[in-house]
Amino acid sequence: MAPPLPILIIGAGISGLTTARLLTNSGIPNIVFEASSPDRRQGFAISLREWGYATLLSALGDLPLRSLTRGVAPDREIGGSGWIDQAVWDNGTAKKLFVPDANSSTKEQIVRANRNALRRWIADCGEEELDVRYGHRLKRVEGSLGDVQVEFENGAFYRGLMVVAADGVNSTVRSQVLADVQPEIVPAVLYHGEFQLPRADFDRLFRPHTGESNILAGVGDGFNTPFAVCNMTKTHVHMDWSYSRPAWGSGENDPLYRPNLASEEAKRIPPALVEELASRDLAEPWSLFLNGEAIQHHRVFHWAVRCVSVTQEDMQRAVGRGIAFVGDSWHAMPIFGGEGGNHALADGVELAAAVAAGVAGDLGVAIGNYYDRAWKRSQDAVRRSKQRFYALHRPMAQWRELSQKKPV
């Protein structure tokens with residue numbers, strides 16, 4: 001008797017690896033294909049909300065939260081737990097605007113996770129090693145549920161029961177199966193920088209503001225400048241910063257709103273960014289690192305802010321083709337104000353559970369059940385994330401009004 005066809009997972013990000021790990025733990029054959037090399041760098045940190053990480057820990061056998069934070073927290077090497085205080089600071093005065101009520105019954109616990117470390121941790125949460133094949137960039141996907149075929153640019157060809165599209169906002173699977181679904185560009189400016197500094201300098205410049213928190217959330221008059229710890233050791237701290245704001249007007253006359261930049265151009269620092277940072281009159285520590293001279297020594301990227309939305313009819317079409325979408329491939333959200341990583345975890349957990357329940361019966365019904373559960377959750381989140389992006393970039397007068405209602 002021929003062995004069962006595997007489930008083919010395109011993309012080794014958070015959603016793809018979560019799906020693969022849980023399928024593997026359930027004894028369901030699967031292969032993960034990743035376009036990049038094993039040493040790809042994506043070491044920035046993301047925020048995991050309680051509902052997101054609790055879902056994952058439960059699916060992995062009710063693991064304790066400490067198991068996760070020991071493996072993924074940016075400050076794990078010095079015994080930290082990825083804690084953030086959720087405080088909001090005025091980046092023009094270096095004064096704290098407000099802190100969410102720590103005693104509130106509605107305050108959700110949030111932990112920071114280094115993205116590279118999170119992928120490794122998920123992959124390692126089981127006795128059987130995952131089958132991840134790097135250097136496989138998808139060329140085409142054909143067939144239907146029960147017998148799908150995928151071909152890669154390196155000439156490799158595979159057949160499987162179904163395809164899990166975990167290939168991100170610019171999903172190749174989606175472009176072939178749901179060609180009419182295109183990412184929506186949010187009219188926003190977002191620059192991201194990475195730098196490293198000695199631990200002693202971090203303790204001197206940042207600790208007076210952050211304490212043990214892994215984020216220093218600075219806001220200005222319609223713009224944001226958060227600092228975040230990506231990885232911390234006893235001697236050095238790898239950090240990142242972001243500079244973000246809504247585009248001016250339609251964006252046509254905004255020198256920093258450039259949503260269609262080529263990848264190499266997106267790594268260059270435009271003079272307009274240097275000029276704009278200089279005009280912001282930032283207080284320390286923001287002014288020490290967000291200036292024209294300092295950022296020349298940082299790895300700086302321009303990030304286009306994109307969203308992806310789908311209809312229930314789109315998902316029904318995908319079921320017939322044997323495609324299950326997870327993560328940003330079907331619900332990309334703005335980096336600021338979004339909860340994409342949390343929904344990626346939830347997708348992987350819910351899809352793996354649905355497939356495990358239906359693989360011996362009607363797999364189409366199983367995928368349909370997954371979409372029925374996940375569609376509203378994720379698509380509502382896409383809509384909320386766009387609204388939250390603008391709320392997080394409000395005028396300073398509104399921030400100060402909020403601070404009167406939520407005093408420090």
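Our numbering is plain: 1 for the first residue shown, then up by one each step along the chain.
Every residue gets a Cβ built from N, Cα and C, even glycine.
These numbers come from a predicted model, not from an experiment.
What Swiss-Prot says about this one:
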type	residues	note
SIGNAL	1-20	signal peptide
BINDING	GLU34, ALA45, ARG119, ASP328, GLY341	FAD binding site
CARBOHYD	ASN91	N-linked glycosylation site
CARBOHYD	ASN103	N-linked glycosylation site
CARBOHYD	ASN170	N-linked glycosylation site
CARBOHYD	ASN231	N-linked glycosylation site
Sort the glycosylation sites ASN91, ASN170, ASN231 by C-alpha distance from ASP328 (FAD binding site) and give me just the closest. ASN170
Pop the Cα-Cα gap between ARG119 (FAD binding site) and ASN91 (N-linked glycosylation site) into the table, whole Å please. 33
Of all the Cα pairs drawn from GLU34, ALA45, ARG119, ASP328, GLY341, the residues the record ties to FAD, which distance is largest, in Å? 21
Looking at the binding-site residues GLU34, ASP328, which sits with the largest number of other Cβ atoms within 10 Å of its Cβ? ASP328
Where GLU34 (FAD binding site) and ASN170 (N-linked glycosylation site) are concerned, what is their Cα separation in Å, rounded? 14
Just going by other Cβ atoms within 10 Å, which of the glycosylation sites ASN170, ASN231 has the emptiest spot? ASN170
Quick note, ALA45 (FAD binding site): same-chain residues at least 6 apart with CB under 8 Å of its CB -> PRO74, GLY82, ARG112, ALA113, ASN114, ARG115, ASN214, ALA228, VAL229, CYS230, ASP240
Write out the long-range same-chain contacts of GLY341 (FAD binding site), meaning residues 6 or more apart in sequence whose Cβ is under 8 Å from its Cβ. ILE14, ILE46, SER47, LEU48, GLY52, ALA113, ARG115
Can you name the residues of this chain that are 6 or more positions from ARG119 (FAD binding site) yet have a C-beta less than 8 Å from its C-beta? ALA12, GLY13, ILE14, LEU17
A correct count of other C-beta atoms within 10 Å of the C-beta of ASN91 (N-linked glycosylation site) gives 28
Reading the DSSP string in three states, the entry for ASN91 (N-linked glycosylation site) is coil
